[in-house]
Structure formats: structure tokens, C-alpha cells
Amino acid sequence: MGGSAPPDSSWRGSLKVSYNVGPGFTGNFSTQKVKMHIHSTNEVTRIYNVIGTLRGAVEPDRYVILGGHRDSWVFGGIDPQSGAAVVHETVRSFGTLKKEGWRPRRTILFASWDAEEFGLLGSTEWAEDNSRLLQERGVAYINADSSIEGNYTLRVDCTPLMYSLVYNLTKELKSPDEGFEGKSLYESWTKKSPSPEFSGMPRISKLGSGNDFEVFFQRLGIASGRARYTKNWETNKFSGYPLYHSVYETYELVEKFYDPMFKYHLTVAQVRGGMVFELANSIVLPFDCRDYAVVLRKYADKIYNISMKHPQEMKTYSLSFDSLFSAVKNFTEIASKFSERLQDFDKSNPILLRMMNDQLMFLERAFIDPLGLPDRPFYRHVIYAPSSHNKYAGESFPGIYDALFDIESKVDPSKAWGDVKRQISVAAFTVQAAAETLSEVA
């Protein structure tokens, strides 16, 4: 093989060859290719989800879900067992509270999914089986896959409804990072991973796909989020982490290289567990619809700027984003008024409290289009969806974005720009309809 020499003598065998690690080959073999024959066996196998329930004391028909998968390709030292360990410890912590007489206000469901690596099968089948219940009762889903993919700083992907919850929670937790002793997790996170849009705040990314939150967020419209420790993406630009899904992804890898003291696991457990606790126990749901208004404006500006790369076509086909900007403006105003009412209403009135919480809970559902995205019926969230070109990454206003993508090479320009116009209408209608769900009840 070509490439560099092995890093250690233990990698060398007894043959009279170089034992280089690649890539490619040397000498007479440099132009040759290796042909592999792969023989796979397809069979139907039973899978098992494990669901634990901690019944709520006041609103047992409102569900907060903490879920992660336990199946792995090989040993799964990081993916998924670093996440499964956090779920187990979180369950144990809540169990200790229950033994002391405590119960959450709302019901907490703890889920261990099977067959995630085979296409998110466990979580998807369970959510489909229980879709009617979840649509009526699901408050939030917190994903608990791998707790670490590095040991540099926190990484959070979530709905904008959870931004304030995450900010407030991380301000109360101690940072595990070296050089930040005595400082909060929020401070180290902001310093190491600043938001590119909001000065003085940490980066929170959009939810994409490739994990068990997909069916809850993208299909059912249940507010979702996830947190883990990550690497420095500025210096480590490769995707994933070394040894991902390999036979070398073991407990020893975590213990010796990633988290010898398990302090990052503890921090992730505190973030995930803290989010579940607040979502299940707060009298008023810790969702802030104003944060949604802010990002909607940002996303509308972004997609408009993309479309303006084609000014002549915009004019020719009478394309306008006025309806979308108007809907975003209305959403912003109504969200602001709703937040004012949220501060002043009588929280001792159980009917009024339930009504306000329901408006918050169902806001994410309001962004769901039952028809789904064009050619992607299982993705129904109008504001967020996995990128058509990278399933793991999230895209905003995906219907418009996909319609605009590579539009100059479309065979029928009139039809292509008609599709863009149609998706603008869908987005504008959805944002306006979502705004109306926050209006004061007559």
C-alpha cells in the first residue's frame, strides 16, 4: 500500500512489505483496482423498543419524551452507548426523586429505541403506531444518541422554541472545560462556539435528520432538541469522529482518549436531564415563541437573497416574497403580544393555564403540512427539513430552497419558477396560520 508509514511498530507484521497505511497503492499496483464481492443476507428480524413511564401528577396526558437508540454496528462505545449511559443515569436520577415522593407535573416517557442504524426503524414504527396520541399529547422530544463526538465544547440542535430554555439551563451549569473553572457552561460554549448571527450568544444549529428525533419533529411537529459534546469544527473539518462505526469504537476509546473522567458525559446528562425536568415540571411550558419570530425573519431574508441571484427570472415570472414577509411580520407581532399575556395571566386558573400551555405546545404542530414536501411526503415541517443534498444537515424553508436549487438547469423554466411561487405560497400560508394559533382566544 501507499501513503504514510505505520505510526507504531506493533502495526508491522513479518512479511517483507512496507505496511504503509494508505491510501492507494505503490509501484506496479498503483493503477490497479481491488474488486470486492459482498454477500449479504436479508432477513426479517424482530426488534424491541423499551419504554419506561413516569406518570405526571397534574397533567398525566402531556408527554415529555427522552429517547435514544441502543443498537450499534459493532461495540458502539460512542454511538450509541455514550448516549444510552446518559439515559440510564437520568432514569436512575428521576427514580431517586420518585422514591422521595416527587412526581413531575407532566408524564415523562423514557425510550430505548432499537434498529436506529437500519433506518430509524424503532422510533419511527413506535411513533407511527402512537401518532394520534402523540399529536394530541406530545409536548417535547429530547434525543439522547451519542453524548460525545469530541471534547471541545457543547453542541445543541433544537427548535427555536427551546432556545431560551437551553440558554437559561446552561447558565446554571458549571463548565467542564479546562480554562473555564468557576465559569458557566454557557460562557465556555459562547466563547468556543459563538453564534454567527447573534453577538454574545452561543451557536444553536438547525435540526436535520439521521437520528431518532426525525419522526417526532419532521413528521409529527413535536418540539425537539438534542445536545452533545463536540469537537472544534474549525480545526477538525472532517465529518463525524475517527473510528466512527468501526470495530475500534469501544469503551476503552472513550475512557482513554475522549473523556477519561467522564466529566463531559456528566455535563451532557445535566443538559439533557435538565431540559426534560423543566419541560415536564414547569407550570408554564418553557417555550419562547419570540425566538421563532426572530429566526423566521432571518430565514425569509436568506431564501429571498438566494432567489435574487436570478433577478431577471424573478421579474419575468412575477415572483414576489411579499406574502411571506407579511406573514413573518404578523407572526412577530402576535408572538410578542402572546408573550406579554403569558407574563400577566392568572396561573392559578387551571383552565386558562391549560389553554396558554396548549397554544405553546401546538405551535410546532402548526408548521406541519399534512401533504409533506414535494417528492418527500414523510418530511412535513415547512420551516425545517433535512437538506435534499445532505440528510444530516438541516435546511430552512426547504420547499422553497429545493425548488430554487439548480433552477437554471431545469428543462421547463416556466414550470420550475411556478413551483417556486407555489412553495412561497405554502410557506406564507403556514407562517400566517401558525401566528393565528397564538392569537388571543375570542
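Every residue, even glycine, has its Cβ placed from backbone N, Cα and C.
Site annotation (Swiss-Prot, ligand Zn(2+) 2) includes Glu117, His245; from Asp79, Asp157, Asp212, the additional listed residue is Asp79. For the Zn(2+) 1 site, Swiss-Prot records His69, Asp79, and the single candidate of Asp8, Asp145, Asp177 listed with them is Asp145. Cα distances from Asn168 (N-linked glycosylation site) to the recorded positions Asp79, Glu117, Asn151, Arg228, Asp358 are smallest for Arg228. The secondary structure of Arg228 (substrate binding site), as reduced to three states from DSSP, is extended strand. For His245 (Zn(2+) 2 binding site), the nearest neighbour among the listed recorded positions (His69, Glu125, Asp358), judged by C-alpha distance, is His69. A Cβ within 8 Å of the Cβ centre of Asp79, Glu117, His245, the residues given for Zn(2+) 2, is found for these other residues of the same chain: Ser72, Trp73, Gly76, Pro80, Tyr244, Glu249. Ranked by how many other Cβ atoms sit within 10 Å of their Cβ, the recorded positions Asp79, Glu117, Glu125, Asp145, Asp358 place Asp358 at the bottom. Under the three-state DSSP scheme, Asn28 (N-linked glycosylation site) falls in the helix class.
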